[in-house]
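K.L.:
Below: one structure in structure tokens.
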Amino acid sequence: MGLSQTLLFYVLVCVHLGVSQHYLRLRPSPSDHLPVPDLKEDPDPEYDPREQDLAERTLRKKLGSNFDPNFMSITSPMLVNLSALDNQVKLQGPMPNEIKKLDLTETPYGKRVKVGKKARRKFLQWLWTYTHCPVVHTWKDLGVRFWPRYIKEGNCFSERSCSFPEGMSCKPVKSINKIFLRWYCQGFIIKKYCTWIQVQYPIISECKCSC
């Protein structure tokens, strides 16, 4: 599924007697922009879940098999960039065919150059490493109106160009959806109804070197 087909759960504004609350749609709009920007929340604590609304056993049951401890956390994890821990240019899987099938013996002028097997293998390994685009993970606090509150987001490595010569950059090409619970309120402040609803949160799962 491409990013243009990924469902984002993004924001609408509901206005009641001059009081607005930002909330998520049940049928979100598609977007090509990942990771998801920070939501603009109404700061009024009246729209926050109460202590009795945060019973872990009840919320786990409501979320069911959608709870994924690899990407979500109930308690505060170390809110750090995890690239140094699990993205130290680990080249997973086979070498991409566009690199593996490169013919290093031909020049643009038709003259052939002799390249030894060992030299070819080392150059292709270097090229693969140079153009590799790892997904860099970071823990993010979604706030009290989400459960679980913490999500491990993915970002494309962007500290340098991924092409040789330079000019291209790492961009997202695939994403996965994780189901979270969102505290949703409607009605007036004095007389309102609030409940937990399930929403899809897209996370970048693969990046690629492109223009």
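Just so it is clear, glycine is given a Cβ too, placed from its N, Cα and C backbone atoms.
The annotation signal peptide is assigned in TrEMBL to 1-20. Residues or ranges marked as region 'Disordered' in TrEMBL: 30-49. Look at TrEMBL and you will find 38-49 tagged as compositional bias 'Basic and acidic residues'. Annotation comment: TrEMBL describes Cys133-Cys170, Cys156-Cys207, Cys162-Cys209, Cys185-Cys194 as disulfide bond.
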K.L.:
Going by DSSP assignments with H, G and I as helix and E and B as strand, what are the residue counts for the compositional bias 'Basic and acidic residues' (38-49)?
P.N.:
3 helix, 0 strand, 9 coil
K.L.:
Considering only the disulfide-bonded residues Cys156, Cys185, Cys194, which fall within 10 Å of Cys162 (disulfide bond) when distances are taken between Cα atoms?
P.N.:
none
K.L.:
Of the disulfide-bonded residues Cys133, Cys156, Cys209, which one sits closest to Cys194 (disulfide bond) when you measure Cα to Cα?
P.N.:
Cys156
K.L.:
10 Å Cβ neighbour count around Cys156 (disulfide bond)?
P.N.:
21
K.L.:
Measuring Cα to Cα, how many Å separate Cys207 (disulfide bond) from Cys133 (disulfide bond)?
P.N.:
6
K.L.:
Output, ordered by sequence, the same-chain residues six or more apart from Cys170 (disulfide bond) with a CB under 8 Å from its CB, or 'none'.
P.N.:
Cys133, Cys156, Phe157, Ser158, Cys162, Cys207, Lys208, Cys209
K.L.:
Fewest neighbouring Cβ atoms within 10 Å: which of the disulfide-bonded residues Cys194, Cys207?
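P.N.:
Relative to the other disulfide-bonded residues in Cys194, Cys207, Cys194 has the fewest Cβ atoms within 10 Å.
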K.L.:
Taking 10 A as the limit, how many CB atoms besides its own sit near the CB of Cys133 (disulfide bond)?
P.N.:
20
K.L.:
Count the Cβ atoms, other than its own, that fall within 10 Å of the Cβ of Cys209 (disulfide bond), considering every protein chain shown.
P.N.:
20
